[in-house]
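Per Swiss-Prot, these features apply:
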- 11, 12, 13, 14, 15, 16, 17, 18: ATP binding site (BINDING)
């Protein structure tokens, strides 16, 4: 059986990931491809419990190293118990965020050591990597405007614009480091134009 493809989608808050995830799932379904939709942090029973801790406003003062370690603990469980088994079955996996988010949010946003994140990545992922990463890019001001109407913001969404500018800069830097895998998508365009950019990438897989 042919191994499935692993697609990740990432970007700052308000980039429009949820809308494009719906499109990707619909597009692949029309191609008779079975898609396992998942997310990080989360994706497993244990991962979802860790996600709740990470996003709760009650843990707003969590130490940055603790945050990073919890994310990679959830990621280890996610990869080994959900992602790899699905790929081995021949399913495609679409994950809302993956390791690039750790470099952007914990590395760029929090200012944690990139070398430390890389060590955790090597330990948990080894040589495992997405086939393609769709990086939705929007100016932070536009992203914040898009999420302004959300009734309740989580612990991360409550961060400052300066934080998210650092996150965005880190994402763009990652896309330049890994241009073959990370496809930078201008998500400030219209929904139709953004979707078309993604469609072209999917057709090449």
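Heads up, the Cβ atoms here are built off N, Cα and C, so glycines get one too.
Cβ proximity to the ATP site centre (mean Cβ of 11, 12, 13, 14, 15, 16, 17, 18, cutoff 8 Å) flags the following additional same-chain residues: 136, 138, 143, 146, 187. Residue 13 (ATP binding site) has a Cβ environment of 20 other Cβ atoms inside 10 Å. Other Cβ atoms within 10 Å of the Cβ of residue 14 (ATP binding site) number 22 in total over all chains. For residue 16 (ATP binding site), the same-chain residues 6+ apart in sequence whose C-beta sits under 8 angstroms from its C-beta are 136, 138, 146, 187, 191, 194.
Here residue 12 (ATP binding site) comes close to 104, 137, 138, 140, 143, 164, 167, 168, 171: these same-chain residues lie at least six apart in sequence, with C-beta atoms under 8 angstroms from its C-beta.
Less than 8 angstroms from the CB of residue 11 (ATP binding site) sit 17, 135, 136, 137, 138, 171, 187, each of them six or more residues away in the same chain. Listed in sequence order, 96 are the same-chain residues six or more apart from residue 18 (ATP binding site) with CB atoms under 8 A from its CB. Within its own chain, residue 15 (ATP binding site) has 136, 137, 138, 143, 187 as residues 6 or more apart in sequence whose C-beta sits under 8 angstroms from its own.
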